[in-house]
Amino acid sequence: MTETVPAGRLSSVSSGNALELRGVTKMFGALAAISDITLTVRSGERRAVLGSNGAGKTTLFNCVTGDFLPTGGTIRLFGEDVTRFPAYERIRRGLRRTYQISLLFNGLTVADNVYLACRGVSRGRFSFLRPRESDALIARADELIAAVHLQDWRDISVANLSYGQQRQLEIALALAGAPRLILFDEPAAGLSPTERSELIAILQGLPGHIGYIIIEHDMDVALRVAESVTMMHNGTIFKEGTPEEIENDQEVQELYLGDGHA
Amino acid sequence: MALAEPRKSAVQPTWVERIPAIWWALLLVLLTMPAWANDFILFQVMGWTFVLGMIALSLMFLAGYGGMVSLIQMSVAAMAGYMVAIFGASGVGDISMGLPWWLYIPIAIVIAAIFGTVVGALAVRTEGIYTIMITLAIASAFFYFTRQNYTIFNGYSGFNLVVPPQLFGVDWRQPMPFYYLTLGCAGLCYGAVVYVSRAPFGLALQGVRDNPRRMAALGFNVTAHRVASYTFASVIASIGGILLVWQNAQIAPGTAGIPAVIDILVIAVIGGITRPIGPFIGALIYVLLRTFSPDVLLAFGLSGERFKLLVGLGFLALVFFSPDGVLGLWERWRARRARRRDPLTGGEE
Ligand SMILES: Nc1ncnc2c1ncn2[C@@H]1O[C@H](COP(=O)(O)OP(=O)(O)OP(=O)(O)O)[C@@H](O)[C@H]1O
Ligand SMILES: [Mg+2]
């Protein structure tokens, strides 16, 4: 056990943790985008990750989901060592993510996008049989589309959606199936105030067993949806604590809150 | 709540009613063609169009839905043709085994599908131009191998007298039976591709085409999906290949030589790879040019050999003016016509 893990979290057994990172490092050539990250997220925990541009937040997500393999360290997901697993194996175990820059299927409709997300975490990915109108996954996809208020755009090609709508669709894709841990990469960026409060409502309305990590520049959003905060700086973890601790921390204020970012 | 309300109203047309009139007209023309077209048109023009269309359709499936431009499809077709000659009967008695048709046809399709799958497994790790290069390299290796190998492929001369079985007392190489045989197979393959494109497998393939990284982040094994699409496409190509051998009554290395491999690409691009009908349009144009342009050229006092020049120039012009093929031209023309309609009466201005 590493000493950097706060004592309170040590008590939770390993199976009670959604995510455990030990010394995770990712090099891009000579640049360490993240170095020696050790982090534990309990099942059902809701955590915000803060940090300035280039701090390594997205790279951390990419290592957890398997978009990139880390250069060093181990990643345990729901108690299982997944460090060398391909992305799809981790997703099938209950991990989900959204992308900072929307990664959608532009040639397909909204309904097809969400249907694919539902199909990807269920069986029959290779099915040659068309789904019937009564298919449970189609109904589930329609629920998700309604949850992000895209029902009127259901049969519209994704390329024709507005920026905000594409961000909403990103979230719908991440909610498909039975997620246990969701990684949101700046989901509120570029949303209108209304869309923003809808997003907060969606996050707050998630069932208690679903944990998430959210990267968010907007302190107000982050503090409303998270119970713990991890502060990153230059590829390392700079501070961990409750929202109040972070907000009132002298060093954090000097580094981030003082020099008026936003 | 989206769940509670039925998504379709009672007055919505059934899928049969939704098929546009032009398709019914096309079906009627195709079904009655033997009544008014001569044997040459039935066998040489239409039969060949359907066969080449099926092989190009397998490329359309990979390229249009999967974003993978594979040049191995003609070789897969030829592999199936060779297997029919080897496991069935041919003029080369030392090699051909003379198995019954219900054995050699499935064997040929399975072996060709395995061949296509293995090539696919090698090719899917590459992207774009590298996929074209690796499949072209394997296609030319297949050509040289068949030319040099005498124990299995009978080298330079290949196999002659490869004919379809006399099933139901019909000689399937006669123009009318062959026409209906190829029409039926082409219709089945076309229908299969249209159907699968909206099934989870086909939909996921289009997802892989648009965004492989996101597909992996949704739980899909992108590599396995791509390889499986090669298998599916290979089955279609091998049906085309078997019919091609029967039509020519022979198969030789040149059947899948580099010119033939490129022709399949040209056919698919001319027709358009966005929809499964494109390859058949491309094949018809190719076959018409190939069949009739020598006569036209001769009439102008040019060498009949120059038909390739015509095909090439036509290809160049098309790629230049309409990168999405004849289908793209047609769709743009329809869109323009729809715009020009009078909004009140619906008639032309
Ligand atoms: N694919 C890549 N190749 C090379 N360098 C990369 C790559 N991805 C990220 N980096 C570098 O790694 C560092 C961390 O980037 P990352 O995207 O993780 O930051 P971030 O905290 O998400 O920043 P932002 O707030 O701007 O999204 C940056 O210096 C970035 O340039
Ligand atoms: Mg980022």
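Just so it is clear, glycine is given a Cβ too, placed from its N, Cα and C backbone atoms.
Feature list (source: TrEMBL):
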TRANSMEM  B:21-38  transmembrane segment
TRANSMEM  B:45-65  transmembrane segment
TRANSMEM  B:71-89  transmembrane segment
TRANSMEM  B:101-123  transmembrane segment
TRANSMEM  B:129-146  transmembrane segment
TRANSMEM  B:178-196  transmembrane segment
TRANSMEM  B:227-246  transmembrane segment
TRANSMEM  B:258-289  transmembrane segment
TRANSMEM  B:309-330  transmembrane segment
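Recorded stretches compared: B:45-65, B:71-89, B:129-146, B:178-196; the one with the most Cβ pairs under 8 Å to the transmembrane segment (B:258-289) is B:45-65.
By the Cβ criterion (under 8 Å, sequence separation of 6 or more), the transmembrane segment (B:101-123) is not in contact with the transmembrane segment (B:45-65), since fewer than 3 such pairs are found. Long-range Cβ contacts of the transmembrane segment (B:71-89) within its own chain (Cβ-Cβ under 8 Å, at least 6 residues beyond either end) map to 55-56, 58-59, 62, 95-99, 101, 103-105, 107-109, 111-113, 115-116, 119-120, 123, 132, 135-136, 138-139, 142-143, 146, 152-153, 158-159, 161-162, 165, 233-234, 237-242, 244-246, 251, 255-256, 260-265. Of the Cβ pairs linking the transmembrane segment (B:45-65) with the transmembrane segment (B:178-196) and spaced 6 or more residues apart, 3 or more are under 8 Å, so the two regions touch.
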